[in-house]
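For reference, the structure discussed in these notes is given below.
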Amino acid sequence: MQAVALPEEICWLLEDTEDFLAEGLQNENLSPGAQDQRAHILRGFQQIKSRYCWDFQPQGGDLGQDGSDDNLSGTHGPPLTSEASFWSDYQDEGIEDILRGAQELDSVIKQGYLEKKSKDHSFFGSEWQKRWCVISRGLFLYYANEKSKQPKGTFLIKGYSVRMAPHLRKDSKKESCFELISQDRRSYEFTASSPAEARDWVDQISFLLKDLSSLTIPFEEEEEEEEEEEKEEEEMYNDVDGFDSPRSGSQCRAMALPEPTEKEEDIYEVLPDDDDLEEDTCGAHRRRVDYADYYQGLWDCHGDQPDELSFQRGDLIRILSKEYNMYGWWVGELNSVIGIVPKDYLTTAFEMEGI
């Protein structure tokens, strides 16, 4: 949806109003009714901005961004078309994540304090502003602090590239800088607490970008294979119909059908019933397998840290613990090796109906 350009005075008024409700009243002792009304108005701000691709900024930008930021183009008007299309794609999955507070997000890949560079800071304001930053479900969200109830800005990571950027600063923190850049969207510059922390942010974002770009590849390959198989079957049936139909002036000939091939392997595994449990040499029943603990890898995953478990697509992994579920990680076992695995890379291996 094309965003409607608002007059500059209205943009700043709406932005100041939203900022006062979100930050100015955050620690005030409000009555329950006032708190509900404050939350209701803030949700209305976010829903309208998302629905109409509005930023309440005369210069465009990302959803709910800082008042000191501006658009890559530096001109007045709505956000770039590509930015609006990105948000319209994400809205199909809902806007719940965009409205959540810093402590309410799930599937968090990386979070922590960073200094974010402002595109157009005020005379008395700092060029670098401290923000609580979170990567979750393909989104990069930044908050005023780790207890904020709504983000000051949000953007989709897909379509960006990330790199270390020591050229952003001239002081002692220059080796701790990194940036996200795109050809048709605004760029984002950050400073971490240390060079090692900055490299970890770059590595995590790079891994996520690689994962997002490869999500459609397996589906496309399987779809092409299915289309080829359907085409071959259709040609075979057409040949059979041609021999069955009567032809004038000719005698029907017997068609030599191909020999039946061996029975194709069933792609589903047959689970044993409780009555089929075998007995060992001592006559005792073997321990019953809990199939609900087994998950299958959706994609290849190469662990970057010693405590991360590496696996390939299709590997059968036994989940030992979901203690770190809130961080998006489980504890799994593969080939007697134990490590943490990203839960978004797994799917249930067995159907539990009738077990």
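Note that Cβ sites are derived from N, Cα and C of the backbone, with glycine treated the same way.
Annotated domain 'PH' per Swiss-Prot: 107-210, in sequence order.
For 290-351, the entry in Swiss-Prot reads domain 'SH3', with the evidence type sequence analysis. Per-residue pLDDT, averaged along the domain 'SH3' (290-351), amounts to 82 for this model.
In sequence order, L114, K116, R131, W132, C133, V134, P151, K152, G153, T154 are the residues of the chain that are 6 or more apart from Y142 (phosphotyrosine) and have a CB within less than 8 Å of its CB. The annotation phosphotyrosine is assigned in Swiss-Prot to Y142 (among others) on the grounds of a large-scale study or a structure entry.
The feature phosphotyrosine is assigned by Swiss-Prot to Y237 (among others).
Look at Swiss-Prot and you will find Y268 (among others) tagged as phosphotyrosine.
Counted within 10 Å of its Cβ, the other Cβ atoms near Y291 (phosphotyrosine) come to 16, all protein chains included. Under the heading phosphotyrosine, Swiss-Prot lists Y291 (among others), citing similarity to another entry as support.
The annotation region 'Disordered' is assigned in Swiss-Prot to 64-83 (among others).
Look at Swiss-Prot and you will find 219-252 (among others) tagged as region 'Disordered'.
Residues annotated as region 'Interaction with FYB1' in Swiss-Prot: 286-291.
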